Amino acid sequence: MDTDGSIYILIVISIIFSAFFSATETAFSTFNRIRMKNLHERGNKTAGVVLKLSEEYDIFLSTILIGNNIANILGASLTTVLFINLLGADLGATASTLVYTVIILILGEVTPKTIAKEYPEAFALFAAPFVVTLKIILTPFNYFFKIWKKVLSFVFKPGKGNTISEDELLIMVDEAQVGGGIDESQGTLIKSAIEFSDLEAVDIYTPRVDIYAISKDMPHDEIYQLFKETGYSRLPVYDGNIDHIVGVMNYKDFFSVMMEKLPIEEMIKEVMYVTKTKKVKDLLVELQKSKTHMAIVLDDYGGTAGLLTLEDILEELVGDIWDEHDDIVEAIKPVNDHQYIVLGNSSIEDFLHHIHSDETPKVLTVNGWVVEKIGTLPIEGEIYEKEGYIFEILKVEGRRIDQVLITIKPKENQIEEN
C-alpha cells in the first residue's frame, strides 16, 4: 500500500509540474510587454526578471520544454507501472496510455493554458523565480540547445521572412490598444507614423478648385480682403492664370507692401514645385531645408494640380491643427448609426473606413465618390439613391459638393430591392 500511495503522489506531482510548465509557456508568450515594463519602472523587481527571461526566449523555451518532458515522461512511466500492477501487462499498458493522455490533455494542457492566457502577467510574475532556478540547474542542457540552434540557423539560413511587415506593425498597435497598453490617441499617432512613408503628395494636397490665390495684377485692397476672408497667413501668387504660380505671399510681407506702398513683386517669395507622386516624407525634409511652408503640386502637363503646406503634412502625423482663424468643422459628422453629414472635400478613404466599408474607389474625395455613384453633376437640395446609399446634397459650390447627407440603407432593404 505504501508503494502504491507513493506512486499516486508522484503521479499527481508530475501532473502539477506539467500544468505549471504549460501555463508558464503560454503566459510568457502572451503577456503585455508594455504593462510589464510599467511594473518594472514602478519598482517591481520580478517584472524585470520576467522581461529578461523573455529577451532570452530560446533559453527560456528549452528550459520549459525540458522540464515539461521530464514531468510527462515521469508521470506516464509511473501510471504505466500502476496500471500493470492493477490490470496486468497487456491491458494495463493500454489503459494507462489512454487514461494518462486524457488527464494530461485536460489538467496538464488545456486548463492551465486557458488560465494563463486569461492572466498572463500575473502568472508570469508567479512563475519567473521558479523558471530562473530551473534555468540554472539545466544550464548544461540549455548550452547544448543554444549551440544546436546556431547549427540549424547556419544550415537553414533564415532570411527576410523574419522581418516585420507594415501590416504586422499595424496589427501590433491594434493589439496594444485592445490590451490597454496605449490609448486611442497614441495608437492613432503611431499608425500615422507607420503609414506616413507611403503617402504621396496627391494623397493630401488641396486640389486646384479649392485654392485661394493672388493675381500679380490684383489691387492691394482686394488682396487684403482675400487674406482677411480666408484667414490664411500665406497665399500663392499667379501670373495670368492659376496654372502659372510664380511664388507665395506672406501676410506680414503684404502688410509691409501696403504700409510702404511697394510693388507687390518685391514681396513674392519663391515656392517649391513637386509632382503628384512625390513622397510626403521626402517633401517634408525638403521644405524644412528650404525653410518654406508651401509647395505647388503639378499635373502631368506642368499645370497646377493643387498645393500642399507644411501644416498639411504635420496634420497627417498628429491630426488636425487648429488656430484662432479656423472654424472647427467636422469632416464626418454622425447624425445617427446610419446617417452622416460629410464635407465634399473630405477623404473618401477616411469615410469608408469610418463606416467599415471594404469598397476601394478610384477617387480621392467624397465629392468625387458621390458624383461617380449618381452619374451626374449634383444639384443642391436634390436626393439621389444609388447602390445602397441615399445622398441628399445639402450644399454645392460651383459644380462641386460642399456638404452632403449620406444615409446607409439597411442590408435587408438592399437585398429586397435587388
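Even glycines carry a Cβ here, placed using N, Cα and C.
For 1-186, the entry in TrEMBL reads domain 'CNNM transmembrane'. The domain 'CBS' feature in TrEMBL is assigned to 205-264, 267-324. Per TrEMBL, the feature transmembrane segment maps to 6-28, 59-85, 91-110, 122-145.
Counting residue by residue with DSSP, the domain 'CBS' (267-324) contains 21 helix, 18 strand, 19 coil.
Across the candidate stretches 59-85, 91-110, 122-145, the maximum count of CB pairs under 8 A to the transmembrane segment (6-28) is reached by 59-85. Sequence-distant contacts of the transmembrane segment (91-110) (same chain, six or more residues past either end, CB-CB distance under 8 Å): 15, 18-19, 22, 72, 75-76, 79-80, 82-85. Long-range neighbours of the transmembrane segment (59-85) within the same chain, counting only residues 6 or more positions beyond its ends whose Cβ lies under 8 Å from a Cβ of the stretch, are 4, 7-8, 10-11, 14-15, 17-18, 21-22, 24-25, 28, 53, 91-93, 95-97, 99-100, 104, 108, 131, 134-135, 138, 141-142, 145-146.
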